[in-house]
Amino acid sequence: WEFNGSFHQPSAFLMRGIPGLEALHHWISIPFCALYLIALSGNCMILFIIKKTQSLHEPMYYFLSMLAVTDLGLVLCTLPTTLGLFWFNMRRIGFDACLTQMYFIHILSFIESSVLLAMAFDRFIAISHPLRHASILTRRTVIKIGLAIILRGMLSLLPIPFLLKRLTYCGKTELSHSFCFHPDIMKLACADIKVNVFYGMIILLSTVGMDFIFIVLSYILIIKTVISLATKEECLKALNTCVSHICAVLVFFIPMIGLSMIHRFGKNVPPLVNTLVAYTYLIIPPALNPIIYSIKSSHIREALLRALRRKSD
């Protein structure tokens, strides 16, 4: 502990694995390794295919590249501490290292939310204004959207580490997960955390909350456009282009909303449920997104098959 008058700050926190199953961590690490491997290889494959296939140099696939990079970042943020805990029982993480990991996990989560919104906007333009799609979402516009998404995440979350550093911590130093979360850290403080709670809530609602609302609105407009199409075949063809994105939205937002509710209101929720929801939120989307897009996108599937044929030749 570092002591400065009445101000106490721990030198490190202790991370927690899966409560009640500590003796099985070595076995539990096997599915985690598989998910991490799928996430790393799948997202790298998506990036490689999009880069090498000229026909995929379109707004939809640029946004998919952003999603893949974000998923890789989330995987790399949690992989060292999670597998370090499961394999070597490395529970200790330095105070500043914990704040750094927390900052990047939250930034990447916010960026993923914003990228999913950008993808919804892309689908709306492609279906509602197909002739103007290329002129509205030019490469320069996509780059500007990407930079705006990154700046939004970085600036909105910049005060969080400083708000945590000003708190006094005493007694408990055990986190609920094998990685660092803002709600998890601030609950260990024995000082007034109203500012942290209020700021965290405002930022969450004004970023991820608004993203989700605008995604829903985009799909309401898409459905209105699709209904107005002449034939049933055209309706199904238009909706089919959105299936991958809808799956990605559900896979990301359902666990995120669940985890936020548990951290704020779930005092009586069993620790195991809290832990499983957290792992689902941070590990499942990066692993599933490449699979979803590889299965549902015929362009990516065909490009992948062509790449495999070239290697076999």
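Note that Cβ sites are derived from N, Cα and C of the backbone, with glycine treated the same way.
According to TrEMBL, the features are:
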type	residues	note
DOMAIN	42-293	domain 'G-protein coupled receptors family 1 profile'
TRANSMEM	24-50	transmembrane segment
TRANSMEM	62-88	transmembrane segment
TRANSMEM	100-121	transmembrane segment
TRANSMEM	142-164	transmembrane segment
TRANSMEM	197-222	transmembrane segment
TRANSMEM	243-264	transmembrane segment
TRANSMEM	276-295	transmembrane segment
Reported mean pLDDT - the domain 'G-protein coupled receptors family 1 profile' (42-293): 90
The transmembrane segment (62-88) versus listed stretches 100-121, 142-164, 243-264, 276-295: most Cβ pairs under 8 Å: 100-121
Spatial neighbours of the transmembrane segment (100-121) far in sequence, C-beta under 8 Å, 6+ residues away: 60, 63-64, 66-67, 70-71, 73-74, 77-78, 81, 93, 145, 149-150, 152-154, 156-157, 160-161, 164, 179-182, 185, 207-208, 211-212, 214-215, 218-219, 245, 248-249, 252-253, 256, 282, 285
